[in-house]
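**Q** Dumping the structure here so I can ask a few things about it.
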């Protein structure tokens, strides 16, 4: 079936719909990864977004049900230049189209993803809607204006506290939309993990007497998370705190810093980051649309983006606080920076 992507600036791309055949609206972004599309589909940080893959052929190795970052896809829509018709891999369990159809995600195939990416790069991230050939186009503008991703964290976070037993350090994880491979990295280091929902209370976290508090990744604008920031403030100085992505941004706000929105975000598996402590450059996996713009004097920048110079890591000069903007757990992407989890554990009591 024919379908169209209509951007809020009026630009239209025509292609073919696949997967679940129902229109979708969201924030249109692009990811530069050559592989890792199933991790992208299931990464909670992509909630509310229509993701464009810049690599021209997607679906080559199908879908396996082991490498998912959450139980089901979190994207609103999925745009590719060409979907692979005949995936081939010994781990393949489903074709991409079948997986999207089963999980009610609309795909768009056959558009010029290079041209779309250039529009997003030059004009910035914007809202968009994928409509089917038989859709009513009269209310498209109203649907775009009505779309909001403000409550995304409440949707992707766990609903209740749960524990994964281990013999090592006790880690309290605040789930703002955590990827499963982050949890796996703590578990394989022997940690006794307790995961709290996004609307946690500091008293509940401190009650389990954790050796380390971890703030997870997640979708949306960190400035919408005022209640979480207030609770984090109650933990600062009482327990070591580390974080990734949204957790990194929330820590910055907690300590008096400022966050802003990037023009088109960092999304992909090939983002170079310089470690200022070790004077080394790592290729990292990233997925964020906001960044830490300013920091108070008691914070030290530890990592910076080699592409645009934005803050990619920070630590407190006196308190046991450390966080990074990139994703050291990869999935997808290189594991150059997986050592960050060992750095996290050095902060544990």
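Any Cβ shown, glycine's included, is placed from N, Cα and C.
The following feature annotations were taken from Swiss-Prot:
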type	residues	note
ACT_SITE	245	active site, nucleophile
ACT_SITE	327	active site
ACT_SITE	329	active site
BINDING	45, 218, 220, 246, 249, 287, 289, 290	L-glutamine binding site
DOMAIN	170-349	domain 'Glutamine amidotransferase type-1'
REGION	1-170	region 'CPSase'
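Just tell me what is around each of these and how deep it sits.
**A** Annotation note: residue 245 (active site, nucleophile) sits in a coil segment as assigned by DSSP.
When other Cβ atoms within 10 Å of the Cβ of residue 327 (active site) are tallied across all protein chains shown, the result is 27.
Under 8 Å, Cβ to Cβ, and six or more positions away along its own chain, residue 329 (active site) finds 179, 181, 182, 184, 185, 244, 285, 338, 341. DSSP assigns residue 329 (active site) to coil in the three-state reduction, placing it in neither a helix nor a strand.
Secondary structure at residue 290 (L-glutamine binding site), as computed by DSSP, is strand.
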**Q** Rounded to the nearest angstrom, how far is the Cα of residue 245 (active site, nucleophile) from the Cα of residue 220 (L-glutamine binding site)?
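**A** Between the Cα atoms of residue 220 (L-glutamine binding site) and residue 245 (active site, nucleophile), the distance comes to 11 Å.
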**Q** How far apart, in Å, are the two Cα atoms that lie farthest from each other among 45, 218, 220, 246, 249, 287, 289, 290, the residues recorded as binding L-glutamine?
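**A** With 45, 218, 220, 246, 249, 287, 289, 290 as the binding residues for L-glutamine, the largest Cα distance is 13 Å.
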**Q** Can you name every residue in this chain, apart from 45, 218, 220, 246, 249, 287, 289, 290, with its Cβ inside 8 Å of the center of the Cβ atoms of the recorded L-glutamine site?
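**A** Going along the sequence, the neighbours appear as 217, 219, 221, 222, 245, 288.
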**Q** Residues with Cβ closer than 8 Å to the Cβ of residue 45 (L-glutamine binding site), same chain and 6+ apart in sequence?
**A** 74, 177, 179, 217, 218, 219, 245, 246, 287, 288
**Q** Within 10 Å of the Cβ of residue 218 (L-glutamine binding site), how many other Cβ atoms are there?
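**A** There are 29 of them.
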**Q** Might you list, by sequence position, any residue in that chain lying six or more from residue 289 (L-glutamine binding site) with a Cβ less than 8 Å away from its Cβ?
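**A** Counting only residues 6 or more apart in sequence, the Cβ neighbours of residue 289 (L-glutamine binding site) under 8 Å are 27, 29, 125, 261, 262, 265.
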**Q** What residues, ordered by sequence, lie under 8 A Cβ-to-Cβ from residue 290 (L-glutamine binding site) and sit at least six positions away in the same chain?
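**A** Set apart from residue 290 (L-glutamine binding site) by at least 6 residues yet with Cβ under 8 Å, we have 221, 222, 249, 259, 260, 261, 262.
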